[in-house]
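A short write-up of the structure that comes next.
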């Protein structure tokens with residue numbers, strides 16, 4: 001591995017080195033702009049500098065960290081993804097270690113700042129984002145460095161477990177509290193729609209010549225079929241939501257569960273609960289229409305509009321969580337390895 005890196009050249013016409021030699025003496029970039037930009041996550045600024053001064057990819061700060069190590073430390077995926085654009089040179093950069101023998105995987109094993117964690121809502125999803133970072137960097141660095149110990153005698157995974165112990169505990173608490181509250185709502189909906197399935201609007205026929213006893217009076221109307229279908233959907237969705245929330249509460253909450261299992265279960269819970277609320281609203285509106293459609297037609301319409309209020313409130317309150325869960329479950333796989341390269345193919349917008 002190279003000892004370190006050559007001094008920044010005077011201008012854009014400078015010759016680009018192929019790689020640092022093992023005998024080079026470490027020299028740091030006199031201006032801290034590039035490292036400040038890496039700490040702040042200013043990807044475009046760093047891309048422009050690297051295009052003018054390609055040597056910058058080799059530069060390290062006083063703690064022997066490159067801009068990519070700083071990006072990992074502060075969780076700036078835009079700068080980190082530039083590693084995929086420099087080819088085999090990344091194999092010489094990623095093994096660099098700081099004065100405490102922390103390699104790049106040790107850096108991602110340390111907990112991110114509270115400011116960066118707040119980019120994701122929900123403690124469990126914050127834990128999932130940290131695991132995504134760890135798995136990504138683990139695949140990036142040479143295999144021989146994955147179990148290297150730092151001066152404290154900790155491997156990267158041991159450091160990750162130690163640093164994220166509190167976050168995992170808080171994530172477990174957040175998941176259980178969220179699931180418990182939502183499960184109560186799902187149980188109430190299940191009870192309501194179960195009773196509604198037998199207490200049908202209009203009641204049942206008794207001693208009527210045109211149809212047998214025990215048949216719903218409005219069974220032949222299309223709106224009544226809408227009532228039955230919506231009621232069944234609400235019942236199935238609410239019971240599925242209860243079971244899914246129960247599986248979250250009884251989960252083991254191992255580290256790997258936060259990566260895929262728990263976010264996928266939470267996504268299923270949020271979607272099924274929303275579906276049960278929406279279907280229950282349709283059930284309520286259809287029953288009013290069946291009973292009162294021959295009177296004042298505006299009465300069931302107005303009541304149906306007011307019945308949409310719970311759906312709107314739930315959607316507005318849970319929409320941010322739903323978006324974050326969707327991103328954490330599916331969109332997070334595109335967080336790294338972007339399809340579009342920007343280092344040498346940057347498109348300027350005028």
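Each residue, glycine too, has its Cβ placed from N, Cα and C.
According to TrEMBL, the domain 'PGG' annotation covers 172-291.
Within its own chain, the transmembrane segment (182-204) is flanked in space by residues 213-218, 224, 227-228, 231-232, 234-235, 238-239, 241-242, 245-246, 249, 269-270, 272-273, 276-277, 279-280, 283, 287-288, 290-291, which lie at least six positions past its ends and keep a Cβ under 8 Å from the stretch. Here TrEMBL flags 182-204 (among others) as transmembrane segment.
The feature transmembrane segment is assigned by TrEMBL to 224-246 (among others).
Taken from TrEMBL, the feature transmembrane segment covers 266-290 (among others).
Here the transmembrane segment (296-315) has Cβ contacts under 8 Å with residues 273-274, 277-278, 281, 284-285, 288-289 of the same chain, all six or more residues outside its ends. The transmembrane segment annotation in TrEMBL covers 296-315 (among others).
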Where does the mean pLDDT land for the domain 'PGG' (172-291)?
84
